[in-house]
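Asker: According to TrEMBL:
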- 41-444: domain 'Amino acid transporter transmembrane' (DOMAIN)
- 49-70: transmembrane segment (TRANSMEM)
- 76-101: transmembrane segment (TRANSMEM)
- 122-145: transmembrane segment (TRANSMEM)
- 165-182: transmembrane segment (TRANSMEM)
- 194-214: transmembrane segment (TRANSMEM)
- 234-253: transmembrane segment (TRANSMEM)
- 274-294: transmembrane segment (TRANSMEM)
- 318-339: transmembrane segment (TRANSMEM)
- 367-384: transmembrane segment (TRANSMEM)
- 390-410: transmembrane segment (TRANSMEM)
- 422-446: transmembrane segment (TRANSMEM)
Amino acid sequence: MGNVTRSSSEVYTSDSEKGFAINHSTPPELDAGAKFVLVSRGSWLHCGYHLTTSIVAPVLLTLPFSFTLLGWVGGVLWLTLAAVITFYSYNLLSVVLEYHAQLGRRQFRFRDMAKDILGPGWAKYYVGPLQFAICFGTVIGGPLVGGKCLKLIYYLYNPEGSMKLYQFITICGVITLILAQLPSFHSLRHVNMISLILSVLYATCLTIGSIYIGHSKDAPPRHYSVRGSDADQLFGVFNGISIIATTYASGIIPEIQATLAAPVKGKMLKGLCVCYSVIATTYFSVAISGYWAFGNDSEASVLSNFFSPAKKPLLPKWFFLMTNIFILLQVMALTAVYLQPTNEIFEATFGDPKMGQFSMRNVVPRVVLRSVAVAAATVLAAMLPFFPDIMALFGAFGCIPLDFILPMVFYNMTFKPSKNTIIFWVNTLIAGASSILVVIGGIASIRQIVLDAKTYNLFADL
């Protein structure tokens with residue numbers, strides 16, 4: 001490895017064995033976003049907490065429904081394959097990040113990677129906006145999911161009550177507003193440890209509930225054939241693939257790795273092992289037990305199957321209360337995690353890295369801007385209770401590129417593996433197949449939005 005100085009401010013580092021060169025400017029002074037929000041003090045265990053919270057979320061309630069579109073064989077096969085691909089993909093991202101850190105330019109954000117590897121235009125006009133849309137979309141979805149959990153609890157104990165969904169969404173927005181004031185990603189480490197425990201607890205509740213109902217006298221008749229016309233089945237397969245792919249999505253892997261204290265080598269892999277041990281415990285148990293119990297009648301959320309057609313609970317009220325509280329608390333932590341990229345942008349734009357993190361100069365804009373962002377997300381959640389349909393579209397066009405395509409591209413462009421190597425063709429195959437999935441999954445999501453459009457109403461009490 002040799003360095004050739006081109007100027008006082010620019011260094012080209014080349015690898016003679018691999019035959020490539022990477023252009024790095026002298027590492028700049030950290031901006032306020034990287035310095036204050038993405039502060040690097042965490043351990044690999046903290047990284048595991050962050051990863052688990054960012055991936056294992058209430059979206060796993062949709063897994064039994066995805067099996068209705070794919071069947072037993074297709075569902076289990078794709079659930080397993082998606083786990084292997086995403087673990088591999090996130091590890092590739094980590095390796096690229098570690099490599100650039102060893103070169104003396106640590107990358108803290110997805111857009112930093114895009115800027116250094118693909119060029120400034122890709123970072124500014126594609127990767128940055130795409131990641132922001134996914135992350136802020138999740139911030140909108142958080143109070144919405146939490147509001148629906150609160151409404152379900154309210155309905156159980158007061159079925160004739162007059163409170164509307166938007167009121168529960170507002171309550172969750174206030175909770176999010178409080179969590180948003182935690183100064184850095186690292187500040188969430190204990191919150192995310194609790195979030196990991198909560199995700200295991202509610203997944204266990206869902207599994208036990210499905211098995212209990214499946215063996216009870218109220219068990220519904222079970223059929224496992226894929227329904228619909230040939231066209232419906234074809235679109236359903238791609239929709240099911242997109243749903244499962246989205247359940248494994250993160251979109252903030254570089255930001256999570258940025259929280260690690262140097263040296264970072266090997267720490268992310270340990271964190272991924274923590275995360276995927278939780279995934280193996282939760283995803284498969286919820287998907288298989290739910291689909292076994294309800295067959296092709298599995299609803300978009302398996303919790304809906306815990307009620308009879310007459311809306312009578314098939315499980316004790318205390319069980320519903322416990323499960324929904326676990327989901328509610330975990331989704332609040334999830335929302336705080338996905339708020340971090342927005343916080344980082346605000347801090348980088350309006351913060352002053354030369355002043356203290358808790359100086360009045362930085363605290364005032366931080367509190368005001370974060371509060372405005374959460375308020376806007378809460379209003380949008382209340383206005384658009386059908387937002388999950390829109391998020392499915394975001395998932396196809398956003399999560400798959402960020403988590404299935406770009407890691408392969410970043411690795412191949414950074415290390416330039418020979419075309420005679422397996423890793424080159426594996427990466428190329430995954431990126432190519434995922435690109436096709438983006439198009440077809442996007443079409444399937446748009447089709448679903450069109451089919452559901454007649455039920456859309458602003459501030460609807462769903």
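Backbone N, Cα and C atoms are what each Cβ position is placed from, and that goes for glycine too.
Given the structure is predicted, the values throughout are model-derived calculations rather than measurements.
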Asker: Counting only residues 6+ away from its ends, which parts of the chain sit with a Cβ under 8 Å from the transmembrane segment (367-384)?
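Answerer: The answer is 136, 139-144, 147, 165-166, 169-170, 172-173, 176-177, 180-181, 339, 342-343, 346, 350, 390, 458-459.
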Asker: With Cβ-Cβ distances below 8 Å as the criterion, list the same-chain residues six or more beyond the ends of the transmembrane segment (318-339) that contact it, or say none.
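Answerer: Cβ under 8 Å, 6 or more out: 50, 53-54, 57-58, 135-136, 138-139, 142-143, 145-146, 149-150, 152-153, 156, 172, 175-176, 179-180, 182, 185, 188, 191-192, 194-195, 198-199, 201-202, 205-206, 209, 252, 303, 306, 370, 373-374.
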Asker: If you count Cβ pairs under 8 Å, which stretch among 49-70, 165-182, 390-410 touches the transmembrane segment (234-253) the most?
Answerer: 49-70
Asker: Before we move on, state whether the transmembrane segment (49-70) and the transmembrane segment (165-182) share at least 3 Cβ pairs under 8 Å, counting only pairs 6 or more apart in sequence.
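Answerer: No; fewer than 3 Cβ pairs under 8 Å.
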Asker: Sort out for me which stretch, of 76-101, 165-182, 194-214, has the most Cβ pairs below 8 angstroms to the transmembrane segment (390-410).
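Answerer: Looking at each of 76-101, 165-182, 194-214 in turn, the most contacts to the transmembrane segment (390-410) are made by 76-101.
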